[in-house]
Each structure stands twice: as C-alpha cells, then as structure tokens.
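Record features, source TrEMBL:
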DOMAIN    2-111  domain 'Ig-like'
DOMAIN    223-307  domain 'Ig-like'
DOMAIN    312-396  domain 'Ig-like'
DOMAIN    401-485  domain 'Ig-like'
SIGNAL    1-24  signal peptide
TRANSMEM  501-521  transmembrane segment
Amino acid sequence: MPRKTVVIFGALNILWMVFAASQAFKIEIFPESKILAQIGDSISLTCSTTGCDSPSFSWRTQIDSPLNGKVINEGTKSTLTLEPVGFAHEHSYLCTATCGHDKQERGVQVDLYSFPEDPEISFSGLLEVGKPVTVTCLVRDVYPFDRLEMHLLKGDHLMKNQEFVEDTDVKALETKSLEVTFTPTNEDIGKTLVCGAKLHIDEIDFKLKEKETTKTLQVYISPRNTVISVNPSKRLQEGGSVTMTCSSEGLPAPQILWSKKLDNGNLQLLSENATLTLIAMRMEDSGIYVCEGVNLAGRDRTQVELIVQVAPRDTTISVSPSSILEEGSSVNMTCSSDGLPAPKILWRRQLNNGELQFLSENTTLTLISTKMEDSGIYVCEGINQAGKSRKEVELTIQVAPKDIQLRAIPSESVKEGDTVIISCTCGNVPQTWIILKKKAETGDTVLKSTGGEYTIHKAQLEDAGVYECESKNQVGLQLRSLTLDVKGRENNKDYFSPELLVLYCASSLIIPAIGMIIYFARRANMKGSYSLVEAQKSKV
Ligand SMILES: *[C@@H]1O[C@H](CO)[C@@H](O)[C@H](O)[C@H]1NC(C)=O
Ligand SMILES: *[C@@H]1O[C@H](CO)[C@@H](O)[C@H](O)[C@H]1NC(C)=O
Ligand SMILES: *[C@@H]1O[C@H](CO)[C@@H](O)[C@H](O)[C@H]1NC(C)=O
C-alpha cells in the first residue's frame with residue numbers, strides 16, 4: 001500500500017513566500033509546526049529563507065537526540081528527509097538559519113501513527129450449522145492503539161463493538177483483535193460478515209483512518225440422513241443383480257462413496273457414484289456394503305448387508321458303520337447340504353402310508369440299539385430361504401441266521417421208491433431266506449422248496465447224495481448238510497413189496513385151507529380135483 005504523507009499546503013503561504021523574497025531576512029519551515037506521519041513512510045521537512053543570499057542551516061531535535069535523517073542544503077533551502085519514519089522521529093525538529101549575524105529558528109513537531117492494513121477475518125474452524133464457532137477480526141501494527149475502535153457486523157446485526165482505550169507509555173506497534181463466538185444457523189447461509197476498524201485521529205484522512213473487510217459466510221452442513229435404497233432386495237439369488245442408491249443431506253451436497261467392508265474391517269472403495277449396481281452376484285459377494293456421504297464439514301455413513309442365497313444342493317448322507325446292520329447295533333446317519341445361508345437339516349422317516357414322520361433337526365441322526373422295525377427309508381432335507389434339497393437312505397436291520405437244522409424224513413437212508421422229505425428250519429429268519437441245494441460234481445442244483453421243505457416222491461437211486469441248506473443274509477451265514485442214501489431193490493434179498501407180502505400171507509392161509517378141502521373131499525368121496533399150481537398162477 002503506497003504511503004503518503006498528507007501535508008496541508010496552504011495556497012496563501014506560497015503567495016506569501018514569493019511576495020516576501022525581497023524583504024528582510026526571514027525563515028519559514030514546511031510543513032508548518034506539525035506533521036503526522038505514518039510509520040514507515042518518508043517525510044521531508046523543508047526550511048527556507050528570504051532576504052539572504054547564502055544562509056547557513058542547521059537542524060536539531062528539541063531534546064538533542066540524534067537527527068536520524070539526511071540533510072540537503074541547496075541555496076536558500078535546507079531539507080531534512082526522514083526515511084523510513086519510526087518512533088525515533090517522534091520529536092520536535094528545529095531548523096536554524098544564519099545570515100551574517102542574523103539568526104532565525106523554526107520548529108516542527110513530528111507525530112506518528114500506524115494503521116497500514118485492512119482488518120483480517122478468521123474463524124476457529126469451519127462454519128457448521130449448529131456448531132459454535134469463534135470469529136476473530138484483527139488489525140496489525142496499530143499505533144497509537146488507544147485510539148482504535150473495532151466492530152463486527154453479521155448482515156445488519158452488530159455483533160460487537162470495542163474501543164481500545166488503554167493507557168500505555170510503551171511506544172510500539174500492536175495487533176488488536178475482536179472475538180465473537182456464535183452458532184451458525186441456516187439463516188446465516190450466504191450472509192456477509194463485516195469487520196470495521198477506525199483510528200480516531202482527526203488529522204488523518206477519512207480514507208486512511210477507517211478500514212473494513214467483508215466476508216461472505218461459507219456455512220457448511222455436515223452430511224446427515226444418509227440412506228440406502230436397495231432394489232430389488234437385500235437377499236439375492238446367486239447370479240442375480242442388485243442396484244443400490246445412496247443419498248445424503250448436507251451443504252455443500254455430500255459426495256457419495258460406496259465401499260465394501262472387508263473381513264479385516266477395512267473398507268474397499270467400489271464407486272464414487274450414488275448408484276451402485278452389482279451384477280452376477282456370487283456367494284462371496286455377500287457382506288456389508290457401506291455408503292458414506294462426505295463433504296468438507298464431515299462424513300456420515302450407513303450400511304446394508306447383502307446376502308447372496310444359494311438354494312441347498314449336493315445333499316449327501318453318510319451312514320456309519322453301514323446302512324445294513326445287525327439288530328442291536330447303533331448307527332449314525334449324517335446329512336450335509338451346501339447352500340447359503342447354510343441350509344437347516346431336517347431328518348424324517350417315511351412311513352408305510354408314504355407320510356413323513358419328523359425325527360430331528362440335528363445333522364447327525366443316531367439310532368442306538370436298532371430293531372428290525374427301524375428298517376425303512378430315512379429322508380434328509382437341506383432347507384433355506386432359497387429352496388430345499390432332498391436325499392434318502394434305506395436302512396436295513398437284520399438278524400444273523402442261527403439254529404439251522406436240516407433233516408431227512410423219515411430217514412437219511414431210504415429204499416428206492418420211498419418218499420423222502422428234506423426239511424430245513426432256521427430259528428430266527430424268515431423261510432424265504434433258506435436255500436436248499438443238492439451238491440453235485442457238475443454243479444449244485446437249487447431245489448424248489450416251499451417253506452424250507454423239499455419232497456422226493458419215489459426216491460430213485462440218483463436222488464442219493466449230499467443235500468445242503470444255507471441260510472444267509474448280509475449279517476450272517478449258516479450251513480448244514482446231510483447225505484441221503486437210497487438203496488436199490490435187487491440189492492436187498494429180504495425185499496418184499498407190500499403186495500407180495502399180502503400174497504404170501506394169503507397163500508400161507510390158503511394152502512392149509514386147500515389141504516383141508518382135499519382131506520374133507522377124500523373123506524366125503526367127492527369127485528374132481530384142485531391144482532395148487534393153477535390156483536397160484538391165477539392169483540399172481
Ligand atoms: C458413475 O456414473 C457415470 C454415469 O452415471 C459413469 O459414466 C461412471 O463411469 C460412473 N463411475 C463409476 C466409478 O462407476
Ligand atoms: C456315532 O457318533 C458318536 C458321536 O460322534 C460316536 O461316539 C459313536 O461312536 C458313533 N457311532 C457309530 C456306530 O458310528
Ligand atoms: C440334537 O443334538 C443335541 C446335542 O447334540 C441333543 O441334545 C439332542 O437330543 C439332539 N436332538 C435329537 C432330536 O436327536
């Protein structure tokens with residue numbers, strides 16, 4: 001800022017000096033008697049004479065301190081230049097002009113002031129609606145500050161006015177300030193703040209003694225009411241898409257940042273657009289998505305959890321130790337199903353009428369000390385919001401065959417033509433699990449048995465041999481065998497057919513009877529004869 005010294009320069013004085021040139025020895029000083037100079041400026045004090053051709057000049061201060069200036073004498077004029085003006089110059093300066101024996105003296109008082117710059121406005125922080133803030137207005141390098149008055153205006157409202165009327169002997173430049181704390185409101189948005197400062201010294205020009213700084217209030221509103229809208233849903237099917245839009249209120253309008261929360265809690269920036277579209281969602285895209293509204297005044301965040309659902313699939317059942325068990329043993333049936341969210345497991349048993357009977361929601365279904373009635377179909381289902389997946393297992397509880405018996409009725413040794421029953425029984429298993437076989441070198445023959453019995457009508461010699469009965473299931477096996485002996489008729493000299501036996505018995509009765517008839521015939525002199533041979537022939 002250019003510094004000027006204002007000198008009141010009366011036109012009358014000039015006229016007077018010209019007019020008096022030819023008069024008696026006289027001295028003049030300019031400026032007259034007093035000058036007010038701004039610290040740092042340059043001022044010149046000029047002493048001039050009339051009525052003397054070559055006067056001599058000398059300068060001094062009233063209290064004989066150093067001049068702190070530069071003197072230039074030119075003919076009838078002497079100029080003392082003080083540059084830059086400082087506190088060392090706040091004196092009365094005396095100029096003495098000598099012409100022969102004539103000596104004349106004039107004095108000028110140098111007064112100082114300092115008010116070089118416009119006030120500065122500063123704030124303790126950002127201006128936020130609802131948050132107290134302190135505004136400071138300061139003026140630097142003021143002298144004399146006891147003449148200073150400052151004020152702060154917000155719009156038309158005077159917030160504070162202060163006069164700095166303190167007595168001090170210290171000659172120094174001071175920085176003075178005015179502080180006001182206020183809480184910005186919505187109404188303050190766009191208002192102006194004015195800080196004015198005035199140095200009350202009459203001699204100074206109006207333009208220089210009143211200074212003003214204006215600032216438009218930049219009021220911020222920290223982001224708030226940040227909301228997310230999700231379309232179509234926070235729960236998604238694998239492969240699906242979702243569009244999320246975020247909005248946040250604030251001044252200036254907050255910038256929107258979309259991020260995803262990682263497992264370690266950090267945020268991974270996804271987009272700086274308000275609308276975030278995610279396509280072809282996979283299970284690992286499930287998680288927390290964070291929207292942040294950000295402006296200079298702050299940030300506000302909100303979040304949404306997306307769940308990518310996967311319908312249950314790959315439902316599997318593992319059976320330990322086996323799905324075919326001996327009665328009395330225990331079994332663990334464990335079901336697993338993949339899906340997101342993790343499917344719930346449901347164990348049920350299929351009844352004879354097709355209905356399903358609830359058993360458990362535990363993954364492992366344990367049957368302790370099974371019975372045959374536990375045999376059947378067990379159904380496991382993996383279920384979540386996205387669907388269900390089913391798997392079945394058939395459980396077979398068996399008893400091991402025991403107490404097997406194989407017999408030939410009436411005997412293991414029969415004669416050709418006899419009827420023989422080969423009978424197999426097994427105490428605890430159904431007859432259908434019994435297999436009767438006849439062993440042979442060329443291969444075994446399975447016999448068509450009913451109820452474990454096989455009947456040989458009229459045994460032939462070839463029916464002789466080894467018979468075997470087997471009772472077998474997945475949990476056990478029992479075997480018995482017997483050897484059937486069939487004797488041929490010619491091999492047996494005592495062989496009588498029942499018919500021959502009857503004939504023999506009958507003939508043994510007939511022969512004596514015939515003898516008696518012959519005897520009586522002879523005794524009665526009966527005529528004719530009877531041949532035993534003929535009678536025998538007719539009987540055979
Ligand atoms: C933001 O959206 C604009 C258009 O709406 C698009 O051109 C730009 O690529 C998007 N930026 C990001 C980071 O997604
Ligand atoms: C069934 O599971 C339980 C617990 O894991 C275990 O103690 C038991 O031995 C298992 N039983 C069978 C038959 O595998
Ligand atoms: C499920 O498992 C828990 C603990 O493992 C057990 O206490 C409960 O009896 C089981 N429920 C059924 C129905 O098996």
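Every residue number used here counts from 1 along the chain in the order it is shown.
For all residues, glycine too, the Cβ spot is worked out from N, Cα and C.
The average per-residue pLDDT of the prediction over the domain 'Ig-like' (312-396) is 94, rounded to a whole number. Look at the domain 'Ig-like' (2-111): DSSP puts its residues at 15 helix, 54 strand, 41 coil.
Across the domain 'Ig-like' (223-307), DSSP helix (H, G, I), strand (E, B) and coil residues number 3 helix, 57 strand, 25 coil. Broken down with DSSP, the domain 'Ig-like' (312-396) shows 3 helix, 57 strand, 25 coil.
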